[in-house]
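Engineer: Before I ask anything, let me first share the structure, which is written out below as structure tokens.
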């Protein structure tokens with residue numbers, strides 16, 4: 001028994017250390033993303049407003065979700081609904097990310113499909129409405145267990161329990177996780193987004209091959225759109241790669257399969273690590289992001305005044 005307890009303790013320490021590292025990287029990286037969009041006027045477009053929404057969800061993962069995941073992993077004894085609320089927070093920001101990614105995909109589709117009418121369609125009012133809808137859906141889906149779809153109201157064992165050792169599976173129903181959270185609000189949107197990006201690439205390829213106007217400007221426009229779409233599809237691919245393993249683990253648990261603790265920890269860490277991946281993708285794939293990153297970092301290192309930083313970024317964005 002002591003050996004098992006020591007092994008579990010070592011596993012928890014390693015897990016918590018990794019969560020703290022991922023959380024710090026996610027916070028710093030995504031705060032930098034928001035600063036880049038705020039400082040660079042050329043990045044203040046519809047797509048990048050949705051990217052800021054995605055960054056806010058990732059910051060929330062770092063600030064709120066990861067510490068809560070650590071509390072859950074330690075199995076601290078707390079009130080049932082306090083534990084349930086914490087686990088719901090783990091889900092809200094996941095769905096905020098997927099909804100932001102869906103909004104980005106739809107925006108890029110409108111950009112290449114309605115090239116002439118795009119600016120008339122994507123008004124500021126509609127952008128804010130879309131952002132509000134993304135977060136509203138995320139809160140409704142994530143908080144659904146608080147309204148009854150949980151172990152308290154559906155399990156004989158937990159019905160009379162007020163305080164318990166806080167564990168994800170002790171409060172959260174796996175049928176909710178598998179059928180509602182994963183299949184309905186993660187898997188289906190992922191399939192829809194893949195279809196949207198395939199159509200985007202198809203439209204761009206046709207426009208570039210036909211090039212009916214024989215205009216260099218048109219060719220350059222669709223060339224830029226192709227590069228941007230590839231970068232954003234990579235963000236989507238990394239999200240799927242990060243979250244699908246944990247979703248598969250939840251499916252295995254739901255169908256009474258055995259999942260080793262180490263595998264579960266790795267699935268959780270991989271899903272949380274997605275929050276620190278996007279700033280790296282932007283830096284490598286989007287030139288204006290990379291240039292603004294470097295200007296901000298240079299200003300921080302050599303202590304440039306903010307006015308000179310703004311001037312440098314304005315010149316860079318022209």
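Cβ coordinates come from backbone N, Cα and C, glycine included.
The feature topological domain 'Extracellular' is assigned by Swiss-Prot to 1-14, 73-84, 149-177, 256-261. Per Swiss-Prot, the feature N-linked glycosylation site maps to 3, 4, 12. The transmembrane segment annotation in Swiss-Prot covers 15-37, 49-72, 85-106, 127-148, 178-198, 232-255, 262-284 and is backed by similarity to another entry. The feature topological domain 'Cytoplasmic' is assigned by Swiss-Prot to 38-48, 107-126, 199-231, 285-318, with similarity to another entry given as support. Annotated disulfide bond per Swiss-Prot: 83-166, in sequence order. Sequence annotations record features per position, and here Swiss-Prot assigns S-palmitoyl cysteine to 303 based on sequence analysis.
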Engineer: Tell me if the transmembrane segment (262-284) touches the transmembrane segment (15-37). I count contact as 3 or more CB pairs below 8 A, with pairs 6 or more residues apart.
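Structural biologist: Between the transmembrane segment (15-37) and the transmembrane segment (262-284), contact is present.
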Engineer: Are there residues at least 6 beyond the ends of the transmembrane segment (127-148) whose Cβ is under 8 Å from a Cβ of it, and what are they?
Structural biologist: 46, 49-50, 53, 57, 81, 84-85, 87-89, 91-96, 99-100, 102-103, 171-173, 176, 180-181, 185
Engineer: Using DSSP, what is the helix/strand/coil residue split across the topological domain 'Cytoplasmic' (38-48)?
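Structural biologist: Looking at the topological domain 'Cytoplasmic' (38-48) with DSSP, the answer is 8 helix, 0 strand, 3 coil.
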Engineer: In the structure shown, with every protein chain counted, which of the disulfide-bonded residues 83, 166 has the densest set of Cβ atoms within 10 angstroms of its Cβ?
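Structural biologist: It comes out as 83.
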Engineer: Could you give the residue numbers and ranges of same-chain residues that sit at least 6 residues beyond the transmembrane segment (85-106) on either side and whose C-beta is under 8 angstroms from one of its C-beta atoms?
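Structural biologist: Those are 47, 50-51, 53-54, 56-58, 60-61, 64-65, 68-69, 71-72, 130-131, 133-135, 137-139, 141-143, 145-146, 166, 168, 171-172, 181, 185-186, 189-190, 192-193, 196-197, 200, 232, 235-236, 239, 243, 271, 274, in sequence order.
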Engineer: Go ahead and report the DSSP secondary structure tallies for the topological domain 'Cytoplasmic' (199-231): helix first, then strand, then coil.
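Structural biologist: For the topological domain 'Cytoplasmic' (199-231), the helix, strand and coil counts are 28 helix, 0 strand, 5 coil.
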Engineer: Grab the pLDDT values for the topological domain 'Extracellular' (73-84) and give me their mean, rounded.
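Structural biologist: The answer is 86, the mean pLDDT of the model over that range.
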Engineer: What same-chain residues, at least 6 away in sequence, bring their CB to under 8 Å of the CB of residue 12 (N-linked glycosylation site)?
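Structural biologist: In sequence order, 73, 74 meet the Cβ cut-off.
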Engineer: Give residue numbers and ranges for long-range contacts of the topological domain 'Extracellular' (73-84): same chain, 6 or more residues beyond its ends, CB-CB under 8 A.
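Structural biologist: Hits for the topological domain 'Extracellular' (73-84): 12, 15-16, 145-146, 150, 152, 158, 161-167, 170-172, 265.
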Engineer: As a quick check of your reading of DSSP, tell me how many residues in the topological domain 'Cytoplasmic' (107-126) are helical, how many are strand and how many are coil.
Structural biologist: 14 helix, 0 strand, 6 coil
Engineer: State the residues, same chain only, that lie 6 or more residues beyond the ends of the topological domain 'Cytoplasmic' (107-126) and have a CB under 8 A from a CB inside it; answer 'none' if no residue qualifies.
Structural biologist: 46-47, 50, 196-197, 199-200, 203-204, 207, 221-222, 225, 228-229, 232
Engineer: Counting each residue once, how many in the topological domain 'Extracellular' (73-84) are helix, strand and coil under DSSP?
Structural biologist: 7 helix, 3 strand, 2 coil
Engineer: What does the DSSP secondary structure composition of the topological domain 'Extracellular' (256-261) look like, as residue counts for helix, strand and coil?
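Structural biologist: Computed counts for the topological domain 'Extracellular' (256-261) are 1 helix, 0 strand, 5 coil.
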Engineer: Are there residues at least six beyond either end of the topological domain 'Cytoplasmic' (199-231) with Cβ under 8 Å to its Cβ atoms? List them, or say none.
Structural biologist: 47, 105, 108-109, 111-113, 115, 281-282, 285-286
